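Structure record follows, encoded as structure tokens.
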Amino acid sequence: MTCCWMAVAALLFLATLASSHFQIRKAIDPLCVVARCSDTEVCVVKDGEPQCISGVKLIELAKKHGKHHLLKHHSKAHKHHKHEDGHARNDRHRHNHLCSHDELVSIGGRLLQWFSDMHRVHSGRDKELPAHKITCRRDVAWMFEQWDGDEDGLLSKDELMPLERNEREACVAQFIDMCDDMVVDGKISVDEWCDCFSFADDLRHEPPCHKQKHSVDPHKKGAFLPRCDLEGYYRPEQRHNGFCWCVDRFGREFDNSRIKGELPDCAQYANELDMEDKTDLLHRI
């Protein structure tokens, strides 16, 4: 009964909020995910700032505007609920939509803009990230902390579900999945998250290795994920399908450097392998 009242109250309250620049949002709306309203609260947004209003308060405000509207609005709420069920049934179909490269590039830029907007609203609440190597923008780092509910330094599918199920952005899930490209394990590490958004708003200066790596679905069988340095250029040693070879920082392969089943000798072209590089390459062979 309480749920019905809240649904009706929300609809009634919407009319009073319109004139004061408030908007009632769904719980899965990105702004409301950050607000983390409880199950008994409704998320209301004013001037880009999410607020949580209790169901009791919402009902009290709605009652002031007349109970005679309840039956009509309850009917609309019921139809809206059925419409949402239809969205849920089509959720798998929507996420199976393969977005184009241009769509993925566009969604990355929009996500980064949203991160920046949200971070500006909540300035002064930054936390220190777990140990990482990739340089991370403050707004990108802050957003990682918002999703990392268990604070384990990894974003799981469950933690990212509210973001990936954004009904207005069908390509979010595919974009986020493609960030899982350093250790392809179904989770997004701090380095993967920070690297994924490194050039989302500056594609003109995106280094070649970073660009190639983020144009490939890392979960696709047989996909070649180039090894990039911290600046986004190619590491000297590359590996794919059991073969290793040497390249320059722009990805150009050196003649007669390709070898199968063992580490290449790229020291003649670049710096010698350190222990971390050796371990990584041996793991990939």
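Here the Cβ of each residue, glycine as well, is placed from N, Cα and C on the backbone.
Partner cysteine of C246, as given in TrEMBL, is C266 (from among C228, C244, C266, disulfide bond). The cysteine that TrEMBL pairs with C228 in a disulfide, picked from C196, C209, is C209. Secondary structure at C266 (disulfide bond), taken from DSSP and collapsed to helix, strand or coil, is coil. Distance between Cα atoms for C228 (disulfide bond) and C246 (disulfide bond): 13 Å, as a whole number. Spacing of C266 (disulfide bond) relative to C209 (disulfide bond) is 18 Å (Cα to Cα, whole number).
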